[in-house]
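What follows is one structure encoded as structure tokens, with my remarks underneath.
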Amino acid sequence: MLSEIPGAAGTGAGGPGGSAAPRRIATISLHTSPLDQPGSGDAGGMNVYIVEVAKRLAERGVAVDVFTRATGPEQPPEVEMAPGVTVRHIGAGPFGALDKHTLARYLCPFVFGVLRAEARNDPGHYDLVHGHYWLSGRAGLVAAQRWGVPLVQSMHTLARVKNSALAEGDVPEPEARVRGEDQLVRQADHLVANTADEAAQLIHHYDADPGRVSTVPPGVDLDVFTPGSRADALRTLGLPSDTALLLFVGRVQRLKAPDVLLRAAARLVEADPALRERLVVAVVGGLSGADLEQPRRLAELARTLGIADLVRMEPPRTRAELVHYYRAATATVVPSHSESFGLVAVESQACATPVVAARVGGLPTAVRDGVSGVLIDGHDPADYARVLHRMITEPAWRDRFGAAGVGHARGLSWSATVDGLLDVYRATSATEPLPAAANQ
Ligand code: UDP
């Protein structure tokens, strides 16, 4: 699946088989480690993506080294995350969490550390560099040029797009990031977008060459996220069997708009007071870097709305634990202001639970509107409340979405993601590197 956008098919120069797949790649994940638990801080969908893809690449004979910044003195220089996947900790800047804007200052020592690790361990070993998020791309570019190999870049989120859909009170992404992304779009040998929408944004907002952009959708672990008994799942969570559970999973930050779910829940119990007896709203996830006050504000909001007794704020959960939440939920709600893809939405559907989501970013790809869930324009809690009320009170209607969701999620496996990435890697390796002029 090399590309879903017009023009990008041309990137298939050489196409699958046009060049051999790389034997070993350097994945750069500067600001967050694949060893971190997703759902708080800077760890989210990108971490899941890197882990799932790296494991499956290694299973297909492509060794992956993931370079990430060391955040504590106890971290060994290298950790085998899975057979064929090594996480390399690079010292750059002070230990501890650093926000992404501060991290930009430590790009130089990070790049130096990456180059030194390669020279020490196995010089000339990497066939390709894959950068994730713009900061990693900036580091990856230097390494790729030094090693004379291509740079494939996944942005995951884009500053211009994020800034055009800020939640109230959110701080815009700085101009330095916008400029950094602009440069990277010109300099990377190839760009991988999660959705056709993101590919179009790269082309229209960043002037990317359509011939160097491919769309490769992320996936879902279909062995972990499976349908199961709702009654059992509710029991596991310690909830009565008639509970109507509305679920939010993800980092608790303004951009993800968990407040919209709380406001919708307040409307639900106002309109249908009998629901108060059995409604539960679970917010699963932790603090996120730039938004440290958000969980406290959310708890305050629940009190102000008079639904504090219905809201359960849960710490980040492992994937094995999350399965019970998805299976137990009447619906998973994803009211984000912007979302590059929305793995949570796909995981929920894989567990046969419908998704009620905002029609933004990658969510129209992640959710089949009217089939596996309902997409809503905007963030008016009344609109969410209306759909959620039907999901709760018309189980047959709700279950039809659930059943269709399983089929939709099956089409989004990590294995298909790796097929697409290997096509991109082969094609990029077969293409002449960009001339130096493009790097200005
Ligand atoms: N996640 C998790 N535990 C939690 C909350 C979230 O493992 O407590 C995972 C979730 O399963 C999903 C990822 O974090 O795979 C979030 O990805 P998504 O694309 O929904 O959002 P992002 O973090 O990229 O904004």
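Placed from the backbone N, Cα and C atoms, the Cβ positions cover glycine too.
Where the annotation comes from TrEMBL, it is an automatic prediction and has not been curated.
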Notebook entry, point to check: Pick from 1-22, 111-132, 155-176, 199-220: which stretch is listed in TrEMBL under region 'Disordered'?
Noted result: 1-22
Item checked: Candidate from Thr304, Thr318, Thr353 that TrEMBL assigns to the same Mg(2+) site as Tyr326, Arg327, Ala329 -> Thr353
Check: Which candidate from Arg60, Arg88, Arg177, Arg179 does TrEMBL annotate alongside His31, Asp42, Ala43, Gly44, Gly45, Met46, Asn47, Lys100, Tyr133, Thr157 at the 1D-myo-inositol 3-phosphate binding site?
Finding: Arg177
Check: Can you check what DSSP calls Glu339 (UDP-N-acetyl-alpha-D-glucosamine binding site), collapsed to helix, strand or coil?
Finding: coil
Check: Just going by other Cβ atoms within 10 Å, which of the binding-site residues Arg177, Arg251, Lys256, Arg327 has the emptiest spot?
Finding: Arg177
Checklist line | Sequence-ordered binding-site residues from Pro38, Gly45, Arg317, Tyr326 with Cβ under 6 Å of an atom of ligand 1 | finding: Pro38, Gly45, Arg317
Next item on the list: Among Pro38, Arg177, Arg317, Glu347, these being the binding-site residues, pick the one whose CA is nearest to that of Tyr326 (Mg(2+) binding site).
Entry: Glu347
